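As structure tokens, the structure follows; a few thoughts come after it.
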Amino acid sequence: SLSAGLDLAGRFLFATLTLMALIAILVFIEEAVYIYKKIPSSKRSIIIWINAAAPVISTTSCIGMWIPRSAMFTDFTAGIFFAIVIHKFLMMMIKECGGQRVLLRRFENGHFTISTGPCCCCCLCLPRVPITRKTLFWLKLSTFQFAVFRPVLVFLSIVLWTNDNYTLYNLSPKGPALWISCLVGALTLFALWGVGIMFRKVRILLKCKNIIPKFALYQFIVILNHLQITIINMLATQKIIPCAPPLSSTVRGSYIAHQLLIMEMFLITVISRVFYRRKYHDLEPPECVAEEPGDKKQTP
């Protein structure tokens, strides 16, 4: 057991980080109760899913910190959950505009700017795409595919691992880990691109909904949970992070990454509570209020 070899300072660090993970869970539970009571049912589950991202990652990181051999499973679990959250964030922006029908009417003659990050931020020559039912479908599909294919790739990785064909830190071209990681990276970029296109269009309209800080928190989770872990794992694989018996370089890199994630996700959980706890009916855009009576008259 890792905890058996810890000195007093190490035990204090482990206890503090575990307490932070527990507090993050309690803050989320309290926030979920508030959302369930105060937020309309059409948006309730989506907002709870988004708020759960940081506490879930904090919890899986805490398990990975205490049980280093479980790191692959905890990272996979956090990755699957966040793949679903990416799709939920796109759906939240559509819901905050009043739903797909109201969004299409509001931007009837508008266009999506597809020359945005992370895929096409340098391709300024790309044409603007009209906002139609079809383009909205493709945006939703860009995030939905990630929520579907990420669990499938995780399942494939676990099957290969049980057969000793998959090693998480073996990135040689002959091993499957490199190709699965590249495919996951490509799917991730495509999903983030869809969210970025939608955010660029609605960020001014939903400014009263605090969509900009909410998007910033979402981006921080993406960077910390994907880019930070990838960089640390690369440093550990190249032995830049030295081993510290009984921990090898790769295990110690995973150990450091999980500790950082617990602290970072704790802060994001607390900050998210501030922005998502606002009363939504006080922040409704004037356009939505003006169009709602007309919507009701048209409803048979």
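Glycine is treated like the rest: Cβ placed from N, Cα and C.
Curation does not apply to TrEMBL; its annotations are automatic.
The transmembrane segment annotation in TrEMBL covers 12-34 (among others).
Residues or ranges marked as transmembrane segment by TrEMBL: 46-67 (among others).
Here the transmembrane segment (73-91) has Cβ contacts under 8 Å with residues 46, 49-50, 52-53, 56-57, 60-61, 63-64, 139-140, 143-144, 146-147, 150-151, 154, 157-158, 184, 191-192, 194-195, 198, 215, 218, 221-222, 225, 229, 258 of the same chain, all six or more residues outside its ends. According to TrEMBL, the feature transmembrane segment maps to 73-91 (among others).
For the transmembrane segment (137-161), same-chain residues at least 6 beyond its ends with a Cβ under 8 Å from one of its own Cβ atoms are 72-73, 76, 79-80, 83-84, 86-87, 89-91, 94, 112, 167, 176-177, 180, 183-184, 187-188, 190-191, 193-195, 197-198. The feature transmembrane segment is assigned by TrEMBL to 137-161 (among others).
Taken from TrEMBL, the feature transmembrane segment covers 176-195 (among others).
For 215-236 (among others), the entry in TrEMBL reads transmembrane segment.
According to TrEMBL, the transmembrane segment annotation covers 256-276 (among others).
Segment contact is absent for the transmembrane segment (256-276) and the transmembrane segment (176-195), given fewer than three CB pairs below 8 angstroms at sequence separation of 6 or more. Sequence-remote contacts of a segment are chain residues at least 6 beyond its ends whose Cβ falls under 8 Å from one of its Cβ atoms, and for the transmembrane segment (215-236) they are 50, 53-54, 57, 75, 78-79, 82, 85-86, 89, 168-169, 188, 192, 195, 199, 203, 249-250, 252-254, 256-257, 260-261, 264-265, 268, 271-272, 275.
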